[in-house]
C-alpha cells in the first residue's frame with residue numbers, strides 16, 4: 001500500500017486483499033453501488049449471487065476454506081437478509097467480514113424517511129452487534145483506517161464475523177495513512193504483555209506434558225478451532241509424537257485424515273459408535289483441543305466427560321482439571337506442544353477400538369436405493385480432490401460415517417444447523433480452492449430453500465456434484481414428531497436445467513443408477529451435475545436413527 | 001374461550017383466532033414442533049412454505065389484507081431468516097405477529113451449547129427488539145396470558161410487527177385464566193383518560209374544520225395508515241362531504257378508487273406527474289391523512305410541502321401548521337371528520353388537473369413488447385376482483401400509472417423496498433381474501449430471490465398470474481450506476497413448471513403474445529400462470545426514467 005491519500009473504500013479493499021481475500025460475494029443495491037464500482041475495478045473479483053442470504057453462506061464457506069471471507073450487500077433489505085448466515089458464522093467460528101452500504105451521513109440529517117430504513121438509521125448496526133464479534137460504521141475519515149484495522153483484526157483473532165458499514169457518501173472520502181500503517185497493519189503487540197504470556201504458557205505446557213507422561217490411557221478430542229486456526233498439521237505432529245489416539249466431532253470432521261492409524265472416529269454421543277464414545281470417556285487423560293462439545297455432538301446424551309481427567313485448550317481459555325489459565329493463545333499452545341522436546345520415545349498404542357475403513361461398494365442390480373447404501377457407495381467413490389458439503393438433516397448425519405481422506409475436506413453447518421447452507425457454500429468453497437471438487441449432499445427441504453443458487457454455479461462454470469436426498473419432507477423432524485407439516489411438495493430436481501439453461505440432471509431410483517450417474521457426474525467437469533435421489537419417505541441413516549431416538553426424548 | 005386451565009400454546013392460538021387469524025405461515029423446526037402440533041389440530045390452518053423469509057413476506061401480506069397476520073418458525077435458523085420481512089413490516093406498518101419456538105427453559109440451565117444457539121439464549125429476542133414494536137418470551141405460566149395480550153394489543157394499536165417466543169417446554173404448561181379475561185381480552189381503557197382525549201379531539205377537529213372552511217384550494221394526501229386502520233370508506237366520506245380533491249402516495253396506492261371523480265393521482269415527486277405535484281404543493285390547505293412522505297414518494301426531489309399550509313393526522317400525532325396535539329387516535333379523528341355535521345353544502349371543485357383514465361389498449365401485430373406498452377395493456381386488462389402485487393423496481397414504478405379500480409387492491413413493499421416480496425406476498429393475500437385474484441408483477445432479479453415459492457401457490461391450488469419483467473438484470477440500478485454487477489443469469493421462467501410439476505408458462509416477446517397470454521392466464525383458474533416477458537435490457541417505464549434521473553444525482 002502506498003503512502004498518501006487514498007479513499008476509505010480503497011483502503012478497505014486493500015486491507016481485504018492483504019488478508020488474502022480474492023473474491024467477494026454479494027448482491028448490489030443502490031446504497032452500496034459506489035463501493036461495488038470500486039470493487040469491480042479492484043484486484044478482488046465480485047461474485048454476484050441471486051440472493052443475499054445465499055451470498056452470506058457462500059462467503060462463510062469461503063472463509064472456512066480460505067481463512068477469511070467477505071460478503072457485500074446493501075442497507076437493511078440486503079443486510080438483514082444475512083442476519084442468519086452471519087449468526088451461523090458466529091456460532092461456528094468463521095471469520096466472515098460483512099460489508100454493508102448505507103445512507104450517506106449527509107442524507108441522515110433531519111432523520112428523513114429514506115427507503116430501506118426500519119426504525120432508526122442504526123437499526124442494522126444494532127442487529128449485527130448481536131451476531132458479530134465487533135462492528136463499525138465508517139462515518140469519519142479521521143478514524144476510518146484505524147476502525148477497519150481494529151474490526152478486521154478482531155475477526156481474525158476470534159474467528160468470528162464482523163460488521164463494517166460504509167455510508168455511501170464516505171466511500172470516496174480520502175483518509176490519510178501515516179507511515180506506520182503503510183506497510184500493512186500496525187502491530188498491536190505489547191512486548192511486556194508478550195513476556196507475561198510466555199511465562200503463563202510455559203507453566204501450562206509443563207503441567208500438561210507432565211500429566212501426559214503420567215497417564216495410561218490418553219485420548220485427544222480434536223475440535224473445530226484447529227481447522228479455523230489452520231493447525232491441522234500441528235495436530236498430526238502432536239498425535240504422532242505423543243502417540244495419542246484422536247477422535248473428532250461432527251463440527252470438526254476432517255480435521256485429521258480419517259485413515260490416520262491413530263484416528264478413532266467421530267465422538268458423537270448417541271449418534272456415534274459406542275466403542276469410540278467409551279474409549280474417549282474412559283480415558284484417564286482426555287485432551288480437548290479447540291473443541292466445544294455441543295448437544296449434537298452428544299446426540300442427546302448427557303456428557304460423561306469428567307473434568308477431573310480432562311484438559312481443554314481453546315481460543316477462549318486453557319483449563320486443566322479444575323483450574324484455568326488465561327491469556328494463552330490457542331496457536332501458541334498447540335505449537336508449543338507440537339514442538340516440545342520434553343517427551344521421550346513414543347509409547348506404543350494398541351487395541352484401538354475402531355478405525356474407520358472404506359467399504360468397497362458394489363451396486364445390487366435393480367435394488368431400490370436407500371440412505372445407508374447411498375453413503376456406502378459414496379464412501380468408495382470419494383476422491384482426494386473432493387470437498388464434501390453436507391446440508392442439515394440426514395445429509396449431515398448420514399455423512400458421519402463417510403471416511404474423509406487425507407486431502408478431502410468436509411464442510412457443514414454442523415452446530416448452528418441452518419438448512420440451506422450447502423449449495424451456496426459449495427460456491428464459496430470452490431472459489432476459495434478451485435482444485436477442490438464440491439460434492440454437495442442436501443435434503444429436498446433444504447434444496448427448496450436455497451438450491452436455486454446452483455444457477456450461480458452454472459454462471460461461473462463451477463462443477464459441483466449435487467445429491468438431493470429426495471424423501472419429500474423434513475426427515476429428521478418426521479423422526480421426532482410427525483405431521484403433515486413435515487411434508488414438502490415434490491419437485492423434479494433433475495429438470496432444473498430447463499429453468500436455468502444448463503447443467504446435467506439425473507433421476508435416481510436404484511443403486512445401479514446411482515453408481516452410474518455418480519461416475520458420469522464425476523467425468524462431467526464442465527458444469528454442475530444434479531442427482532435427484534428418490535428415497536422412501538421414512539428411510540433414514542443408522543446415525544439419524546440413533547440421534548432421533550435420543551432427541552425425541554427431549555422434545556415436547 | 002372457556003374458563004379454567006388451558007395451556008400457554010392453546011391460549012396463544014385462541015387469541016390469534018379471536019383476532020381473525022385463520023391461516024398461519026411458516027416452516028417447522030425441532031424447537032417449534034410441539035407448537036406446530038397444536039396448530040395443525042386447531043381451527044387455524046397452517047400454510048407450510050418452502051422457506052422462512054418467504055413465509056414472512058406471505059404473512060405480512062396476509063396482515064395487510066386481513067388486518068393481522070402471523071408467521072411461525074423455529075429458533076434462530078428460522079427466526080433470523082425473517083429479520084428482513086419483519087423489518088419490512090415495521091417500516092410499512094403491517095401488524096405481523098412473529099412466533100418462534102426456542103430451547104426449553106429447563107434446557108437453558110448451565111448454558112449448554114444447544115444447536116441453533118448464536119451467542120446467548122436471548123440473541124434472537126434482542127435482534128427482534130430492534131425490528132418490532134414489542135416482544136415477549138413466554139417463560140412464566142403466571143404471566144404468559146397477560147404478556148400475550150399486551151404484545152398482541154400493541155401490534156394492533158401501532159400496526160407494527162411483534163415478537164412472541166415460546167420455549168418448547170412452555171407450550172403445554174397450563175395457565176389459569178381469571179374471569180375478566182375469559183371473554184376476550186381485558187379492557188385497557190381508562191374512562192378518565194378517554195374523557196381527556198375526547199376534549200383534545202374536539203378542539204383539534206374544530207380547528208381543522210374551521211381551516212377547511214376558510215381555505216380556497218384544498219387537497220388531501222391519503223396515506224398508507226388509512227389502509228392499515230381500515231379507514232378507506234371514511235376517507236371517501238370525507239372527500240365527498242367536503243369536496244376535497246385527493247391524491248395518494250406510492251405506499252398507499254389504491255386507498256381510494258383511482259376512478260373516483262375527486263381523485264387527483266399519485267403524488268410522487270420526480271416520478272409522478274407535474275400537474276398532480278403542483279396541485280398538491282400549491283394548495284392553501286393540504287391535509288395529510290395517515291401519510292408519511294418518504295424519499296421515494298418525493299422521487300429524489302426536496303419536499304415543497306409547506307407546514308404553514310398543512311394539517312397532518314397520523315397514528316403518531318396530529319399537527320396543525322406548527323402546533324401538535326397528542327393522545328388523539330387516528331381512527332377517532334378520521335371518524336370525527338367523516339361524521340361531522342359542521343360543514344354546510346359541498347363546494348364545487350372544478351378544473352382538476354388530472355384524472356387517471358384507463359387507456360384502451362390494442363396490440364400492434366409483431367411489435368416487440370416494451371414496459372410502457374405492457375402497463376398500458378395491463379391497464380385495460382385489470383379486473384375488479386384482482387389484487388396487484390408489485391415487486392421492487394420497475395414492477396413497482398411502472399405500476400404507478402395503472403388505474404386501480406374500485407375493488408382492486410394494490411400491494412407492494414413500496415417504502416421498505418425489499419426485493420422478492422411479491423410472489424410470496426401473493427400467497428398471503430389470496431389466503432386472506434380468496435375472492436381476490438393476484439396479479440404479480442416482478443422483475444427477474446427479485447424472482448430469482450424468492451420466486452420459487454410459486455411452488456407453494458401450486459401446492460395449495462392458488463392461481464396467481466405472475467408477470468416476470470425479464471431484462472436480465474437490476475434495471476433500476478442500471479439507471480443509477482451501471483456495471484456487470486447489475487447483470488443476472490438468464491432463466492427460462494416459463495419452464496418452471498417442469499421443475500415444480502404444474503402451472504402454465506408463456507414466453508412473451510410481442511404485444512400480441514402478451515395480450516393473448518394474459519387472457520388465457522385469466523381463463524386458467526386452476527393453477528398459477530407465469531409469463532416470461534422478454535424486454536430490452538435498457539427498457540424502462542417513463543416513471544422509472546424520471547425517478548432514476550433524480551436518484552442518480554444523490555448517489556455517489
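Placement of Cβ uses the backbone N, Cα and C atoms for every residue, glycine included.
Those TrEMBL annotations? Automatic predictions, nothing curated.
Some features that TrEMBL has for this protein:
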DOMAIN    A:8-110  domain 'Thiamine pyrophosphate enzyme N-terminal TPP-binding'
DOMAIN    A:207-322  domain 'Thiamine pyrophosphate enzyme central'
DOMAIN    A:404-532  domain 'Thiamine pyrophosphate enzyme TPP-binding'
BINDING   A:444, A:471, A:473  Mg(2+) binding site
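Neighbour count (other Cβ atoms within 10 Å of the Cβ, all protein chains): 25 for residue A:471 (Mg(2+) binding site).
With DSSP classes pooled into helix, strand and coil, the tally for the domain 'Thiamine pyrophosphate enzyme TPP-binding' (A:404-532) is 57 helix, 29 strand, 43 coil. Within 8 Å of the Cβ centroid of the Mg(2+) site, not counting the listed residues A:444, A:471, A:473, the chain contributes A:443, A:445, A:469, A:470, A:472, A:474, A:475, A:487, A:488, A:535, A:537. Over the domain 'Thiamine pyrophosphate enzyme N-terminal TPP-binding' (A:8-110), the average per-residue pLDDT in this prediction is 96. Least packed by the Cβ count within 10 Å, out of the binding-site residues A:444, A:473, is A:473. Sorting the domain 'Thiamine pyrophosphate enzyme central' (A:207-322) by DSSP state (H, G, I as helix; E, B as strand; all else coil) yields 42 helix, 24 strand, 50 coil.
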